[in-house]
């Protein structure tokens, strides 16, 4: 569960309605893989990830980024039950994929950077604070199975 004020919920849902999940998702995952290259080990089947250009242009990275953002959007619809919403994904990432749960926090932070880049002046400090809070809530829910 993430505790957002009414104002924070309005800011997050209002901006999220304008997010192009194809574009933002691919960019967020791509940036994660470039900025934190050790995360690439979970994406061996994605082909060429040898440099920033290859990563950012990789169709599989873009498709998976879209999938990730769609899941994030589901979390927005279920703010009072993030653990339940992400229970199956938490289990998958913990038991089968063995993803370090810190990567969820890193991805959330990268997502905030990408949103700031895309929305500029509309991504005010209060909007950023609300998204940081939400991203941490999602990361915590995804890490739940690890505890």
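Here the Cβ of each residue, glycine as well, is placed from N, Cα and C on the backbone.
Sequence annotations record features per position, and here Swiss-Prot assigns N-acetylvaline to 2. Annotated domain 'Globin' per Swiss-Prot: 3-147, in sequence order, evidence recorded as sequence analysis. Annotation source Swiss-Prot lists N6-succinyllysine at 18, 60. The phosphoserine feature in Swiss-Prot is assigned to 45; the stated evidence is similarity to another entry. Under the heading heme b binding site, Swiss-Prot lists 64, 93. If you look up Swiss-Prot, you'll see 105 marked as asymmetric dimethylarginine, on the strength of similarity to another entry. What Swiss-Prot lists as phosphothreonine is 124, and the listing cites similarity to another entry.
Shown here: features listed in Swiss-Prot, placed on the structure.
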residue : record                      : Cβ neighbours (10 Å)
2       : N-acetylvaline              : 20
18      : N6-succinyllysine           : 11
45      : phosphoserine               : 6
60      : N6-succinyllysine           : 15
64      : heme b binding site         : 17
105     : asymmetric dimethylarginine : 17
124     : phosphothreonine            : 14
Whole-number Å distance between the CA of residue 2 (N-acetylvaline) and the CA of the residue listed as 'asymmetric dimethylarginine'?
14
For the domain 'Globin' (3-147), what's the mean pLDDT in this predicted model?
88
Helix-strand-coil residue split for the domain 'Globin' (3-147), DSSP-based:
119 helix, 0 strand, 26 coil
Cα of residue 45 (phosphoserine) to Cα of residue 60 (N6-succinyllysine): how many Å, rounded?
9
Nearest-integer angstrom distance between the alpha carbons (Cα) of residue 124 (phosphothreonine) and residue 18 (N6-succinyllysine):
15
